[in-house]
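Okay, so here's the structure we're looking at.
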């Protein structure tokens, strides 16, 4: 069985996709995003899945997407912000090189505007984001082998910090 070089976790808008693509380039490997896997397989946006089928149905799809990607992908893998909510998914991450990209709420506002395209943040986005982070922070920390703060850093700086944190050398 193969395993990803690095798995990225963290809240929505933290930069997992951007940093993941930069990491893949610097390591000379592929990049994969489980949210994109779900969108491709379902033929619709994640927000539509939430509206049409509910969060529980989405989390089931997400769990399977993560399981498949962990088994198939050998490069850099980015997980959706809520993937770590599932205990089985957290168990699958044991033994993986997992980097938790963190940010505070002010950084989240700057990066995402905490906009309505985020289905879990549709009402009072700042309050919702804080509550999500209070519920998830310890789960991100539990699965992480390294934590990289992204606040005030460029994607390139975060990428270098992630490489340094997991002691990987560029290709």
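If you go along the chain as it appears here, the first residue is 1 and each next one adds 1.
Glycine is no exception: its Cβ is also placed from the backbone N, Cα and C atoms.
Owing to the predicted nature of the structure, the values given are computational and were not obtained by experimental measurement.
So that you can see what the record holds, here are the features copied from Swiss-Prot:
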type	residues	note
BINDING	13, 14, 15, 16, 17, 18, 118, 153	ATP binding site
BINDING	17	Mg(2+) binding site
BINDING	35, 59, 81, 136	substrate binding site
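Distances between the Cα of residue 35 (substrate binding site) and those of the binding-site residues 13, 17, 18, 153 are shortest for 17. Within 10 Å of residue 14 (ATP binding site), counting C-alpha to C-alpha distances, fall the following of the binding-site residues 59, 81, 136: 81. The binding-site residues recorded for this entry are 59, 81, 136, and the Cα of 81 lies nearest to that of residue 18 (ATP binding site). Residue 13 (ATP binding site) sits 9 Å from residue 81 (substrate binding site), taking the C-alpha atoms as the reference points.
Ranked by CA distance from residue 153 (ATP binding site), the binding-site residues 59, 81, 136 have 81 at the top as the closest. In the three-state DSSP scheme, residue 136 (substrate binding site) is classed as helix. Other residues of the same chain near the substrate site, with their Cβ within 8 Å of the Cβ centroid of 35, 59, 81, 136, are 12, 62, 79, 80, 82, 83, 84, 85. If you draw a 10 Å sphere around the CB of residue 16 (ATP binding site), it holds 26 other CB atoms from the protein chains shown. Recorded residues residue 136 (substrate binding site) and residue 15 (ATP binding site) have their alpha carbons 17 Å apart, per Cα-Cα distance.
Straight-line distance linking the Cα atoms of residue 16 (ATP binding site) and residue 81 (substrate binding site), rounded to a whole number, equals 9 Å. Following the DSSP three-state reduction, the secondary structure of residue 81 (substrate binding site) is coil. Of all Cβ atoms in the shown protein chains, 16 besides its own fall within 10 Å of the Cβ of residue 17 (ATP binding site).
Between the alpha carbons (Cα) of residue 59 (substrate binding site) and residue 15 (ATP binding site) lies a span of roughly 21 Å.
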